[in-house]
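What TrEMBL annotates here:
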SIGNAL    1-22  signal peptide
TRANSMEM  122-146  transmembrane segment
TRANSMEM  158-175  transmembrane segment
TRANSMEM  195-211  transmembrane segment
TRANSMEM  223-243  transmembrane segment
TRANSMEM  249-271  transmembrane segment
TRANSMEM  278-296  transmembrane segment
TRANSMEM  308-326  transmembrane segment
Amino acid sequence: MALLRCILFLAALCSLIPALHASAGDADPIYKSCVVQCEKSGCVGEKCFQHCKFSSDGKPIDGPWYMQEPLYLRWKQWDCRSDCRYHCMLAREEEREKLGDKPVKYHGKWPFQRVYGIQEPVAVALSALNLAMQFHGWISFFILVYYKLPLNPNKRTYYEYTAVWHIYGILSMNSRFWSGVFHSRDVELTEKLDISSAVALLGFSLILALLRAFNVRDEAARVMVSAPLIAFVTTHILYLNFYKLDYGLNMKVCMAMGIAQLLTWAVWAGVTRHPSRWKLWVVVAGGGLAMVFEIYDFPPYQGYIDALALWNAINIPLTYLWWSFVRDDAEFMTSALLKKAK
């Protein structure tokens, strides 16, 4: 019954996918007028920006090289238009709050408060913690299989899924890294790197789930399972990067792979006698809860904490528990293989 409820809950998430709303703030006439005026004057109210220095004929003046912002500070890539949009957004949101209106998105983003040029400081901090947890989990797994568990005569691990977990760890750390970079500064390059790394991680996670749940050990069988999914994920990434960055399509693809992965683990946890299966149940339930925040976001509390920040926060303990299961699985399978060898 618990397995059935879990499957129904995860499947029901599919019905939430269409409930995505386009941003409305950037279509606001008052906001648009503010941005146009700011780009001409270089100021929003009494606040003016060093990027926006104009001559009397309206042309921007770059100024001599020694008057420009140092190169090591330009990583955030804030220019006149970016600063104008940001401060016009804040000014407009203050007006809307006084009128009792709820916050709206601007250019696809909620109105966040910047900190030292970082767009979403809480999400960046939590992404960094997730990266640290992934590294800790992966390195502890590496130490376990190569230095604590016995190796076979060829100096290879008895655990037959060592290689795929190494790939998973590298893809996970890569995804967390680019997530942090993207949330620190949203530009086209960082957005594509964030999306591409997340899609690659989801695709490989589904492959890993299928290989482990169905106990696929034969190399030819592994290739037959992996090749179609690798081809699909690669094609999808190329489509997003070089043809059209379709957010709606990408959300559906990611949700489909995520739900398929969670369902695979949930079904396996329901039928296996694995001693650490309870950890799988916790991760599956937590992963389903985290998906809700991925679909239904909400305005950031005090301009800092939004649904994505909560998603990152949920994933920190889940990551620790997940790698704990992986280590338990390595010990369990190694022990079973050694008993059979005797």
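All residue numbers here begin at 1 and follow the chain in the order shown.
Every residue gets a Cβ built from N, Cα and C, even glycine.
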### Task
Answer with yes or no whether the transmembrane segment (308-326) touches the transmembrane segment (195-211) by the criterion of at least three Cβ pairs under 8 A, sequence separation 6 or more.
no
### Task
Tally Cβ pairs under 8 Å between the transmembrane segment (122-146) and each listed stretch (158-175, 223-243, 249-271, 308-326), then give the stretch with the top tally.
308-326
### Query
Between the stretches 158-175, 223-243, 278-296, which wins on the count of C-beta pairs under 8 angstroms to the transmembrane segment (308-326)?
278-296
## Note on the structure
Same-chain residues at least 6 beyond the ends of the transmembrane segment (223-243) with a Cβ under 8 Å from one of its Cβ atoms are 192, 195-196, 199-200, 202-204, 206-207, 210-211, 216, 250, 253
